[in-house]
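Enquirer: Here's the feature list from TrEMBL:
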- Cys111: active site (ACT_SITE)
- His146: active site (ACT_SITE)
- Ser163: active site (ACT_SITE)
- 279-293: compositional bias 'Basic and acidic residues' (COMPBIAS)
- 241-307: region 'Disordered' (REGION)
Amino acid sequence: PFFVNRGGLPVDEPTWERMWRHVGRIHPDGERVAQRIRGAADLPKIPIPSVPVFQPSTPIPERLEAVQRYIRELQYNHTGTQFFEIKKSRPLTGLMDLAKEMTKEALPIKCLEAVILGIYLTNNMTTLDRFPISFKTHFSGNYFRHIVLGVNFGGRYGALGISRREELMYKAPVFRTLSELIFDFEEAYRRCWHTLKKVKLGHCVSHDPHSVEQIEWKHSILDLDKLTREDFRKELEKHARDMRLKIGKGTGPPSPTKDRKKDVSSPQRGQASPHRRNSRGDRRPSGEKKPADSKAMPDLNGYQIRV
């Protein structure tokens, strides 16, 4: 069932090519199996999850629950094949186009795809602040990575996402501080026998779906091996204050969009827009310094938690 679009709708050719290559590697008769599935006319109709639509009066917490319910209905991708290629260096507008494709294909997703989808589905919630939270954990001699979309509404923190583990995805916006939210994730990892090693926090994501700015994924990098418990909590609260100050004083010039600046190409890696670049005095070290220019793309397949 993972190799057909829900409802029997055709999947775009690049997605099918990726599936076929994967099936061919793990199955001796892989190509014929894929052809047989694709050409079958009697496949059961799998319900396509409906993208949530809200009334203006619907409270934000209820909207977040509906968004998380939709993400959960897509199901976690256990196939080993990455259906959607997500490059973190892409501008926000490109990632939103990819999120729209996810809603059309309705294929299973992983945690990074869930973050992009969560941003897309909450863009019209302008009173909601969204920011990425990445985790690096250690278990049985191996390191694992996971990412969720942190949210802040009315001074309360929560998260959207998807995971193999129920306790490592959705968090209702009930946590009074950012540190309380992160400590709750840490405790959830502990129950899964994982040791939290590093937390990476990004800044708030623009609500403009046409923005050509990049998402700031790693504004603060906190290495728990180098921080005491109290220092860890203080660094988390510093990051929360940084986000509030950035929102309070505005983000400077409006972000360039397709309509306002049509001659702007996608920002290249290592080039920061005015919104993302902080002054030397504004950027603070937090546990571990962020590299000035990361030339290697992150391993998207690493965003899996095998617990």
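Glycine too: its Cβ is placed from the backbone N, Cα and C atoms.
Caution: TrEMBL annotation is automatic and unverified by curators.
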Enquirer: Would you kindly give the Cα-Cα distance separating Cys111 (active site) and His146 (active site), rounded to the nearest Å?
Expert: 7
Enquirer: Do you know offhand how many angstrom separate Cys111 (active site) and Ser163 (active site) by C-alpha?
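Expert: Cα to Cα, Cys111 (active site) and Ser163 (active site) are separated by 6 Å.
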Enquirer: Mind checking which of Cys111, His146, Ser163 has the fewest other CB atoms within 10 A of its CB? They're the active-site residues.
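Expert: With the active-site residues Cys111, His146, Ser163, fewest surrounding Cβ atoms within 10 Å: Ser163.
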